Amino acid sequence: MSYQEAWNPVDSSLDEIISIAASLKSKTGAVKEIFSQELTQREANVKKVHENLEELQKKLDHTSFAHKEDRDRLEAQIAQKEQEQKAKLAEYDQKVQNEFDARERAEREREAARGDAAAEKQRLASLLKDLEDDASGYNRLRPSKPMLSEEDTNILRQLFLSSAVSGSGKFSFQDLKQVLAKYADTIPEGPLKKLFVMVENDTKGRMSYITLVAVANDLAALVADFRKIDTNSNGTLSRKEFREHFVRLGFDKKSVQDALFRYADEDESDDVGFSEYVHLGLCLLVLRILYAFADFDKSGQLSKEEVQKVLEDAHIPESARKKFEHQFSVVDVDDSKSLSYQEFVMLVLLMFHDD
């Protein structure tokens, strides 16, 4: 076998190997291309995934921010509701406290009213007792028994219950004048006003039903007394009739009787008419009330200081007060430095003489 013949199979194998190698190289390039494309695609996919993740993170961040705003808004609403609820609770507590305070005030006012009513009842009882008591050596101006009839008392009670008293439960000065007009056509307003101020029960110028009945009874008594004293029924009182009446009332000193007559005889006619008598009676009733209030120890005597104090409280004119020292010594004939009711009346008459 020649060399060529022996080499041919080898060449054929080499060609086949070269062909296979070329084929492998071609396939390797294709595989590499495929791998390169897959790698590129994978990188693109990874990039896309990253982009998606970033987008998702942005969405998550936005959602978290939105949730925070919602949470803050919700917390603010809750805080506002809590404040409103606290305010309502505080308002309710204040309302309850105000109602409680109002009830306490009302209870205190009721207690005070009950105390005032009891004190007023005691004051009136003491006053009426003083007016009726003859233990000090003088009598009151009115008779011992009530002068108001049952019908008159019912009229006063109806007036008290009616709206004519302005719903206050007490009488004004005009109410008093209206009631007393039943007993006399003309009642001097000056002394009546003084009497009203002395016995009014509050600072608003009103008197209670009990006080009105007492005052009306006194006025009715004055009318009845005048008719009884006027023995000849001529409508006036002579000096003799006047003096005899006041002796019965305990004014036994002639000087006092004469002073009373001069005071009552305003027109200097030497007799005392009905209106003059009522005027005097009202003035004496005012003085009797002043004296009774000042005589705290019920001794029937007022010291000089007590007399001066009661006259100051009565707001007498300055011109009359200037006469006090001199006239007190004139009236206090026994130099006891105190005055009985009769001497007290005489003192006032002298102080107001020519005023």
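Backbone N, Cα and C define each Cβ position, glycine as well.
What Swiss-Prot says about this protein:
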- ASP230, ASN232, ASN234, THR236, GLU241: Ca(2+) 1 binding site (BINDING)
- ASP265, ASP267, SER269, ASP271, GLU276: Ca(2+) 2 binding site (BINDING)
- ASP295, ASP297, SER299, GLN301, GLU306: Ca(2+) 3 binding site (BINDING)
- ASP332, ASP334, SER336, SER338, GLU343: Ca(2+) 4 binding site (BINDING)
- 151-186: domain 'EF-hand 1' (DOMAIN)
- 217-252: domain 'EF-hand 2' (DOMAIN)
- 282-317: domain 'EF-hand 3' (DOMAIN)
- 319-354: domain 'EF-hand 4' (DOMAIN)
Same-chain residues at least 6 beyond the ends of the domain 'EF-hand 4' (319-354) with a Cβ under 8 Å from one of its Cβ atoms are 136-138, 250-253, 255-256, 259-260, 263, 284, 287-288, 291, 300-304, 307-308, 311-312
Find the shortest Cα-Cα separation between SER299 (Ca(2+) 3 binding site) and the binding-site residues ASN232, ASN234, THR236, ASP267, ASP334, and name the residue that gives it.
-> ASP334
Top Cα neighbour of GLU306 (Ca(2+) 3 binding site) in the set of binding-site residues ASP230, ASP267, ASP332, SER338, GLU343 = SER338
Give me the Cα-Cα distance between GLU343 (Ca(2+) 4 binding site) and GLU241 (Ca(2+) 1 binding site), rounded to a whole Å.
-> 22
Spatial hits near SER338 (Ca(2+) 4 binding site) (Cα distance within 10 Å) out of the binding-site residues ASP230, GLU276, GLN301 come to GLN301
SER269 (Ca(2+) 2 binding site) to THR236 (Ca(2+) 1 binding site): how many Å between their Cα atoms?
-> 10
Helix, strand or coil at SER338 (Ca(2+) 4 binding site) [DSSP, three-state] | strand
Cα separation, ASP334 (Ca(2+) 4 binding site) to ASP230 (Ca(2+) 1 binding site) (Å, whole number) = 35
Could you name the residues, excluding ASP265, ASP267, SER269, ASP271, GLU276, of the same chain that surround the Ca(2+) 2 site, i.e. Cβ within 8 Å of the Cβ centre of those residues, in sequence order?
-> THR236, ALA264, GLU266, GLU268, ASP270, VAL272, GLY273
Reading the DSSP string in three states, the entry for ASP295 (Ca(2+) 3 binding site) is coil
Do any of ASP271, ASP295, ASP297, GLN301, ASP334, SER336 (binding-site residues) have a CA within 10 A of THR236 (Ca(2+) 1 binding site), and if so which?
-> ASP271
Check the Cα-Cα distances from ASN232 (Ca(2+) 1 binding site) to the binding-site residues ASP267, ASP271, SER336 and tell me which is shortest.
-> ASP271
Cα-to-Cα gap, GLN301 (Ca(2+) 3 binding site) vs SER336 (Ca(2+) 4 binding site), nearest whole Å = 10
Long-range Cβ environment of ASP265 (Ca(2+) 2 binding site), under 8 Å and at least 6 residues apart | ASP271, VAL272, GLU276
Cα nearest ASP297 (Ca(2+) 3 binding site) among binding-site residues (ASN234, GLU241, ASP332, ASP334, SER336) -> SER336
